[in-house]
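A.B. asks: Below you will find the structure I want to go over with you.
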Amino acid sequence: MRAQFVLSEIGVGLRRNLTMTFAVVVSVALSLALFGGALLMREQVSSMKTYWYDKVNVSIFLCNKNDAKDVPKCAKGAVTAEQKKEIEADLKKMDAVETVQFETVDEAYKHYQEQFGDSPMAGNITPDQMQESFRVKLDDPQKYKVVATAFAGRDGVQSVQDQRSILDNLFGLMNGMNVAAIFLMGLMLVIALMLIVNTVRVSAFSRRRETGIMRLVGASGFYIQMPFIMEAAFAGLIGGLLACVILIAARYFLIDGGLALQEKLNLIDFIGWEAVLTKLPLVLAIGLLMPAVAALFALRKYLKV
Amino acid sequence: MIRFDNVSKTYPKQSRPALRDVSLDIEKGEFVFLVGSSGSGKSTFMRLILREERASQGMVHVLGKDLARLSNWKVPQMRRQLGTVFQDFRLLPNKTVAENVAFAQEVIGKPRGEIRKAVPQVLDLVGLGGKEDRMPGELSGGEQQRVAIARAFVNRPMLLIADEPTGNLDPQTSVGIMKLLDRINRTGTTVIMATHDQNIVDQMRKRVIELEQGRLVRDQARGVYGYQH
């Protein structure tokens, strides 16, 4: 088999079908970019999850003396030293609990000042308005409910708050975007596949004279089909390369340049270039193989060998 | 070379068979005319030999192989030993004469050195020496058919199948094509030619096989086109 001959046939085929080739390239590029984007988004979410879940606790806020008036649960007054001891002992007994830290009113006040010291509200807050609390770290953040049910109704406990639930809203949003991206990718993929099948069909039809002669002189089925498959694979590869460029550009635009989210949201640990670059071979491989396989199936139908 | 044993062929969704109970032998080196009116089964006969179709009943042997038992992927190997020529030439219009002939070798993976040697040789044989770089559109019908014959013959097939090769040509040009086919036959290649051309069949005095409504009605050595009715 002669590579040069095959390559020139592919070139002729692609040029003859330029508009269709272009459509295939664009649709493959878009679907693969969405695919890569979804992968990266998932990685971003999971890296944020491990980063943040590590930092968040379940907080058990205890009643202070002001709560007695406006919080029904604390009607009996501020938490007593005995209740505190009991709660701490019970917390430490629980399997799910990793560490328990007690935060005094003063510490709470200090943290508050650190966080909101600049805002005018901070000036009005006095230490006796702050609450004592237990900061509980769980070995598995999912087990929040166990802690909540065990302590929410106790005397002296004002409320049990899972900081994770605040984050979960954010993650829920990101996951939603992820699902949307995957859905869109699926649609684009279907479009890409249909375009490939159609391109191959048109290509096979416009070259039926050549393939007919090939058949008659005894070219193997593989040899007859290969130019079509290579054409589809080549268009797919171009689409894959384009998708890689889109991914790199998107990473740069969103995080470093352009929107510069890294600067604006420096609390978030964004995925690095490495995460992007490791996805590219996968994107390229799919860009190469998917159209080739689609072409193979299309040929079974439209090209008699 | 070719053996048909009680071969019938019925196409799907058709009640009337295209070929009924045909049995015959064609030996190596023979020149055979296949005659019969349109729809008599000539094309089906050819297609069975090329294994474009499979027989519904009976056995077709070509080059010693039972085509019913030949697996699909071995068909190309079998076809490399056959050459085919058609009424409508079937040349590639965007390739030169030499490229058209070379195409038959390129697609079966012949090395380039061999192609470079074989193409001018076979073009000389068919009388087209010096026209290697012409495009098919610049040639006359007879010359185009010579290119097609060169392409069919360049791989030195054991068997040449010609489906009305003179159907589009004037009588004088046809004679030239027949001389060429006769020359190819003399190199030892079996030639099977379907034709409607009475003059040619009568002049050549070769074996004549006549089909009528799918039946073999005449198989005559040194025959003529038809009995005088």
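Each position is counted from 1, following the chain as shown.
Just so it is clear, glycine is given a Cβ too, placed from its N, Cα and C backbone atoms.
Caution: TrEMBL annotation is automatic and unverified by curators.
Per TrEMBL, transmembrane segment is recorded for A:21-41, A:179-200, A:232-255, A:275-299. Per TrEMBL, the feature domain 'FtsX extracellular' maps to A:56-160. According to TrEMBL, the feature domain 'ABC3 transporter permease C-terminal' maps to A:182-301.
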A.B. asks: DSSP says what for the domain 'ABC3 transporter permease C-terminal' (A:182-301): how many helix, strand, coil residues?
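C.D. replies: Helix, strand, coil within the domain 'ABC3 transporter permease C-terminal' (A:182-301): 103 helix, 0 strand, 17 coil.
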A.B. asks: With helix taken as DSSP H, G or I, strand as E or B and everything else coil, how many residues of the domain 'FtsX extracellular' (A:56-160) land in each class?
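C.D. replies: The breakdown for the domain 'FtsX extracellular' (A:56-160) reads 51 helix, 22 strand, 32 coil.
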A.B. asks: Mind looking up the mean pLDDT for the domain 'ABC3 transporter permease C-terminal' (A:182-301) in the predicted model?
C.D. replies: 85
